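A.B. asks: Questions regarding the structure given below will be posed in turn.
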Amino acid sequence: MVATTPVGIALVDPKLEFIEVNDAFAALSGRRPEEYRGRPLLEVLPEIGMPLQRACREVMATRQAVKNLGLSSTKPDGRVSFWLANVTPLANDDGAIEGVNVTLVEMSGPHTPDEALRRSEVRYRRLVYATAQVIWTTDAEGNVVEPIPGWQALTGQSFEDVRGFGWLNAVHPEDRATTLASWHAAVQSRETFECERRIRRKDGEWRHMFARAVPILDEGGRIREWVGADSDITDRKLTELALHQQEEDLRLITEAVPVRIAYVDREERYRFVNAAYEPHMGAIEDIVGRTVSEVMGAAGYARLEPHIRAALAGKTVHFDTTIGDGPAMRHLSVSYVPRFSHEGDVLGFHAISNDVTEQRRLQEQLHHSQKLEAVGRLAGGVAHDFNNLLTVILSYASILEERSFANEASLRDVREIRRAGELATGLTRRLLAFARRDVVNARVLEVNAVVANVEGLLRRVLGEDVKLTVALGPSLPKVCVDSGQLEQVLVNLAVNARDAMPNGGNLTVDTAYISLSAAEAAHVPDATPGPHVVLRVTDNGIGMTPEIQARIFEPFFTTKAAGEGTGLGLSTCYGIVRHAGGHMRVSSLPAHGARFEVWLPAVEADANPSTIPPRSSVARGNEVVLVVEDEPRIRRLVVRAVREQGYTVLEAGNGVEALRLVETNNGTVDVVVTDVVMPEMGGRELAERIQALWPKIDIIYTSGYAEGTFFEDVASRSDVHFLAKPYLVDTLLDLVRRVLDTRRESERISATGS
């Protein structure tokens, strides 16, 4: 059937050699079909072989058919035939291309050469008028010698304007020299002329045009004329410019972002890396072209290999990894995004690596801070409850001490109980200092004065094996901190430094003024920007590992042997400094000593509150005292002690009960002794509601720890009376008496006017 059909059919293999042709196809060259088999296409059909060969290659490369390809051939009798060719791919069962199928359909019967020439000229003229391109001809030197309708329609130039080289006037002045140079080069070489230049359209707009012309040679091989065409490529150029701008923008972004961006091909070779790779991976030219294993090394590649395999299998991968070792180690958050071809094959993958070392450090600091805060809340709660018990223990011990003076043995026992309670009080103070809930007497002071005051003690504590050097900065601003607590911080740091120098060494205590910028403060835990006074304690002892430094401020953490340390020294220092609005820093390396820095915010105004001086003895009274305490043991103790001094006593277990009692007694209460932290209604709210109705009632606050904003807003004022737990009942009774006497004296002065 194939052999007898009037349509020419041929099968061509990938080497462009004929496999099979039918009779109609064989008639093109006057050969028999068997003469085609195994012979190259171009050899058998030299007239149409070149365009047909290009079409076959295109089909095998793209797998897309080429249709309606115009061809002409001269038959053995000299007549010319015109054909339309269709070329389609041939694929096997696996989809692989085995060749192409070529079909030829003759458009009209054969013509004599003269008839073919006339038909060709007619087609050419119609093509010139119909095509969107500008078709033109020139003589051998490039002179226009006949009208070019398309050129006139485009530029507005008449035939007289364009004659000779007049067409050059429509070319942009900046492009004329290159256009002429390209033209003369083509004339000299007798090769195809190709050139891009800007042409002025008749409306004045410059258009990008691409010109292509081929020489027509005579029988002697000389150029007879040139035939060419101009195509408007303005839209393409604009698209290329936009694409180039996008590529440039992308390049700038890629180079500017602090993210590592790379492209890795299927052979695992880097084909692109941006500038962010250089600081840690080396020069770009030393990376591109090398494999991942060559760049990363065996150990680094082993960490990445599973993710690379997944990406090359077409999966998007997200993972975390590290590069480098020791202090130079960097933490990376990495994404591998596969790149696919149009056919869906994986070509490689884009690698995006974000350096999250700083974020990881901040997260660890936050976690550490949260852990300290949680332990602090626990420690504060324990200390609060323990302070309530110590108030009872110490007060009853004091009462027993007064009643046991006749029995020396009993007196010694009671005093031991009291001393043990006082030692326990010191322990709770340290716990509360760490939790930043200790009741402090913050005052505006000079750090240099505190250092000078404790220098003698430090020399005695350090011993003869440690050389102490004190260097105080000049004209330092003042800070607001409890002087006793700051002394405690300095002594604790000095003692720790001494213990880190078992064979003696050098210890330096110095002070300085440093202003901390907002950018610097953002990288330091607990830091705030602004002027600071810095107290530094530096030793040349055994130093610390990074692991120990990470836990150094945790309560109960110690590197000392069992029984030699409580683990509360540095945690107490940390709590004291944080309570004062400052922060601490530590830097150390094993065998290279350590430096601890205390950063305290500088203050300008001296806002020290005044206090009522204590009295030496406890006086009796007959006024009405309301005791408000949610801890029953303390409430019973205080009620008993106040009543024994002659006062009328009312008692309540919380603020709600207390307010009801005051209302029931129509405000006939002289002083209220109230705990600060209680269920239902705390001491501060109770005091505000009482004094709103009965402003003459005095308030005495008691608490075992600083909670909330009370101690920022209230407890530091000179007109507020506060007693910290644990306390002795005699101390409370003395304060009650002084508060009442102060009120009475104020009323007397107001009444007499003197």
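Every residue gets a Cβ built from N, Cα and C, even glycine.
Predicted automatically and left uncurated, TrEMBL annotations should be read as such.
Annotations per TrEMBL:
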DOMAIN    1-42  domain 'PAS'
DOMAIN    120-190  domain 'PAS'
DOMAIN    193-245  domain 'PAC'
DOMAIN    315-368  domain 'PAC'
DOMAIN    381-604  domain 'Histidine kinase'
DOMAIN    624-740  domain 'Response regulatory'
MOD_RES   Asp675  4-aspartylphosphate
A.B. asks: When you scan the chain for residues with a C-beta under 8 Å from the domain 'PAS' (1-42), skipping those not six or more beyond its ends, what do you find?
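C.D. replies: Result: 48-50, 52-53, 56-57, 60, 73, 75-76, 83, 90, 97-106.
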A.B. asks: Below 8 Å between Cβ atoms, which of the listed ranges 120-190, 193-245, 315-368, 624-740 makes the most pairs with the domain 'Histidine kinase' (381-604)?
C.D. replies: 624-740
A.B. asks: Count the other Cβ atoms sitting within 10 Å of the Cβ of the residue listed as '4-aspartylphosphate', across every protein chain shown.
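C.D. replies: Its Cβ has 24 other Cβ atoms within 10 Å.
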